[in-house]
Each structure stands twice: as C-alpha cells, then as structure tokens.
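Below: one structure, written as structure tokens.
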Ligand code: ARG
C-alpha cells in the first residue's frame, strides 16, 4: 500500500475539478449536501478498495473535506483479514457470506480492522484532513447464530462518538466491530453499514467498490435505478448475479429506512467527486423513485402541469397554440410532477415532441425513469433536439440512429425503412418551434 504525496493529491484534485462539471452544478450539490437538516453521507469502503486503490480513495475523501463536507466512513477489511489468517495458519470459513469467527479469528480480525482503520486515518491526516479512528462503542450487539461463533447481531447503534467527531469537523472512520456485555464481536461490514445508515439517515449512502456500479446483461453500467419502477423487473433478470442481487436487496432495505430525498450510489473512489457533484454522475445511483402516469390529452390539469415543467426546463415559453395544434398528445409525467415527456400523433410514426425535467430535479434519475416507461409503449419513435442542447449526449447513448443538421439533431429508434426515415427527418426539420 503506497502513500499518496501532497503533490499527487493537489494535482489530482485540480484534474478532478476541471474534468467533472460546470461550476454551477458543483455549487448546487455542495449546497445540497451541506444542508444542516440532514447529514451528508455514509460511505462504505470495501477492503479490496483500501488494499488496491488507497491513493484515489484518500484523494477523493480529501477533496470532500476541502469543500467542507464531512462524510461518515465505514470500512471493511475482508481480503486483508483472509491474508493475515492464512499467514497465521488459522483456518476460516463462511456461511452465507458471513465469516465464521472463532476466538482466534476474532482476535486477528480486531487487529486487522484497527490497522486498516488507522491506515485510512493516518493517510487522511497526512493530507491535512482531520479524521478520527472509531473502533468500539458504536455497535451494541448480541451474539448471532451459534454456528457463526463470535459474530455480532446489532441491537442498537450509539452515534454519540460519531456526532462528536462531526461537530469537531473530523471525519469519523468506523470499523465493523461490536460488543456484547462480555466481549468484542466481528460484524459483517455491509450489515454494519445498514444499521449505521438507519441511525444516521444521511442524504447519500455511497458504496465504493472496484467495479463502481451495477452492470446490465451487455456489461454496460446501469446509471440510475428507480426502485418503485424497476426493482421487480431487475430482480428477475438472469444476468444479475447473486452478489449484485444481494446488494440491490440491501439497498432497497436501506432506502425503505431513509427519507425520500436520500439516494444510494455505487461508484469507484476516483469517480466519487463526479458522482456527487454532477447531474449525470459516474456510477449507479439508486433512488426510491416515483411512478409514471400516462395521460391522453386534452386534460386541463395535466396541460397546466406540463406547461410549468417544460417552461422551467427550457427557460422559454410554450407557444400559445401548442395544445390546440398538436394531434393526439400522449403525456408521461412522474408522480412528483417534475419531469414529463410528450409524444404527438402528428406524424404516422410517433414523434417525441417534448422532454423536460425541472432544473432542480436534474440528477435524480427522473428523466431516465420516464424514458424507460415511455419506451414500453413506443417501440418506434423519432425526435429532434437543438444542436447545442446538453441532453444530446444522453440522446446519442439511447438512439439507434442520428442525423446532424445545422440547427437540429434528429434521432430515431425502431425505424429501418430508408424512405420512412427520410420522411421523419423532413417532418422534424420543418416543424415550427414549440418553445420560444
Ligand atoms: N450528483 C447527484 C447525486 O449524487 C446525482 C448523481 C447521479 N448519478 C448517477 N449515477 N446517475 O445525488
């Protein structure tokens, strides 16, 4: 394990800041995360991340510290513990992912956890971030299943030392060690994270891992998961392997105990600033989510809500005759009324006329959830977007084809016939503006 030098950290922070996003976005998130109403974040760091990616971990945490944010860190040390047990010739095994803990294993675990904790804290201190080791008095336990040995079932969490640290501007770094009235007990770090999160109820829960997210059947990172809409569907997928299934189950449990505003992100240490301080992030973000409602217009109430979202999101006015002049308008809207899509029947192939998300709701995964639901109804679709619209990166990633004209980019899905496509493109480029 190497130690990052001061010079390295400074350079990396500069690189990160320049590369991650606009100043406006970064400021928006710093403000959100500094709210006195809710603790900022619990960050779970897996043992292998500490072993193999310590430099980036420390750099990202120092970066948070420098912008005035204090996360609560809970670390694991599984691989180091296994290495040490092997070195010491102590046998060990697992039952359902939990380490069977004899007295010998417990003693080594305690030593390795404390060493790992100190390693993180010492490296943070070297970069002038204030941090404190906490390896006892947080998790009050009862002994769990007898076949697991000295493994703790958490009965209550005492957050007083954590709060003291935060109030003194220190980053608390916590080991998954507990105690019953008689002795020290080993705790699975993921289970400790769940109980810690329930006690702290932070705005963000972050899992730092080597892979940095959940990947789909094509091995593509899933950027956002909306539990209310997608949980069942995802759990049935054959490509979601058992480790990820368990993780998603745990995340759902976590979200059930957190306020609606909270979310869980899985990312890599190097991408943590980007995940936190940009709308699009870098990793998988999981939210409680929302339901999607589908309306066929006319409907005055929906038209009013639609107009509000579109005008705020484009910072322009909807043309006065928009509803009167659009045929068979189908509107999809998030149950929180903060994102909407309109599909018009003006052309024989469905045309996506509008897609808007309220500026303050960007980064919550609303757009992606809405898109996902709308696509279930519309396998064939085309739309246009201004050449300089920042959403074009997203459109590029989801369309099957695109033609770039001077003013407009035209995108489509499910259209393979060349003459039909020409017709659609012609329709899109000549269509009058609907926001001014
Ligand atoms: N920065 C925001 C947050 O952390 C949004 C992140 C979006 N991330 C994603 N993987 N879609 O709350």
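Backbone N, Cα and C define each Cβ position, glycine as well.
For reference, TrEMBL has these:
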type: SITE; residues: 44; note: site 'Transition state stabilizer'
type: BINDING; residues: 77, 78, 99, 186; note: substrate binding site
type: SITE; residues: 247; note: site 'Transition state stabilizer'
type: DOMAIN; residues: 290-436; note: domain 'N-acetyltransferase'
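Positions of TrEMBL features highlighted on the structure.
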| residue | record | DSSP class |
| --- | --- | --- |
| 44 | site 'Transition state stabilizer' | strand |
| 77 | substrate binding site | coil |
| 99 | substrate binding site | strand |
| 186 | substrate binding site | strand |
| 247 | site 'Transition state stabilizer' | helix |
Confidence summary (mean pLDDT) of the domain 'N-acetyltransferase' (290-436): 94
Which same-chain residues, if any, lie at least 6 apart from residue 247 (site 'Transition state stabilizer') yet have Cβ under 8 Å of it: 190, 207, 214, 266
Residue pair residue 99 (substrate binding site), residue 44 (site 'Transition state stabilizer') - Cα distance, angstrom, rounded: 18
Local Cβ density at residue 78 (substrate binding site) - other Cβ atoms counted within 10 Å: 18
Nearest-integer angstrom distance between the alpha carbons (Cα) of residue 186 (substrate binding site) and residue 44 (site 'Transition state stabilizer'): 17
Among 44, 99, the one of these recorded positions whose Cβ has the fewest neighbouring Cβ atoms within 10 Å: 99
Residue 77 (substrate binding site) versus residue 44 (site 'Transition state stabilizer') - Cα distance in angstrom: 11
Listed in sequence order, residues not in 77, 78, 99, 186 with Cβ within 8 Å of the centre of the substrate site Cβ atoms: 47, 76, 81, 82, 109, 112, 113, 176, 188, 189
Listed in sequence order, residues with CB under 8 A of residue 77 (substrate binding site) and six or more positions away: 47, 50, 109, 112, 113, 116, 175, 189
